[in-house]
């Protein structure tokens, strides 16, 4: 399975660079080659218990697929913005690609450094890849951009040491690279923009995303340190939790956002949400869907109580939430993408805050949330945190958040790029859901070395093609310009990756599909 997963990733990398070839292509190929070798060192460390931290079990390291996501995103963003003539975001793409390569290289060096005996051939290969990357960065980045890349690397190192120690068995090395690398980049961007804030420059919804992500992460770190010295399950601790949340929210996060957007954040948010009648209709519709999702949770828990305490939700039951999320995102993508952007940020903040309440057993809802959500756990929730629902939200939202609006004339890209915001809907909402449902009910021919079935993968590809046809019918802004072969190849490769990867597919698949569409 690891070899096939690696082969699919190599095909994606070569496909992207077959369209987008520049000096960073050599770096990406060198990075992919050394990550392929180093991931076997990571796998051996995980199996032998020699890794520095406790990583998620029942999965390989995932170093190769995770290592290529951020560099490829930066490269395709750079090319799209260069074609549109937007120099600022072209340089931003270069910084993203360089940062991703350096973070992946750091994880590789870490694996090589703790492997005993030292693997000579892998050391040489990692050194050669590092030399190519550093040489290219030297001739591609300005001094200020080099400093920015090193700042992200420094944040990533410290954040990894703190969170991987506090949250054992929550991530594989590859998932840690994606999640913590993304948080490190967001934190650095927020610091940079706060220090160089210019009135009227920058989109408020972008600042809202940066402040919300950094705010909930800092909130979690603060309470984690605090509850080392206090019992979080008491009423006094719970009152202190809610009080400090209000103090940090109103005393730190709100003023920080006010400095960036130069207006009252709460008034701006209310004005934004209720600006048009369409937004009001969407908010009411989403509220009804959220209520139906809660109804599924309560119904399944009532069913567990009446049948057996060991009853666990089936795969098909868990996929109900995928259908609900698709029903949530598609109208937002068609009618108001900015509202969807902001609503997804709010939903992420709420999800993470509720996970804090569950994890710390904050009264009065902490123990209730533990009981309700335990029904939907699977083998990927082996650590103290339950992250699969947050990964589902991220997988659907990242293509919307990472869509290069400034480099898209008339708000949309040409060709397959027009489907970029729909990457999460297609890869996770349609493809992964259909593959899981059909594979578990009708699948008979299994892919070698996996539990996934050939029938599930084929129906997933077919369902995504039908979904693309429906998007063409209902969304007038999408114009594919005869790029149907590329779309079919992209969907097929990502569906095959879903069949073989042991990483969190809700997070990985939308990003790879977005990369293919943007290329």
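Here the Cβ of each residue, glycine as well, is placed from N, Cα and C on the backbone.
Within the listed segments 240-258, 259-277, TrEMBL records transmembrane segment for the stretch 240-258.
For the transmembrane segment (486-513), the partner stretch with the most Cβ pairs below 8 Å, chosen from 7-37, 88-112, 240-258, 422-442, 454-474, is 422-442. Scored by C-beta pairs under 8 angstroms, the transmembrane segment (320-335) has its highest count with 278-299, from the stretches 7-37, 240-258, 278-299, 341-361, 454-474.
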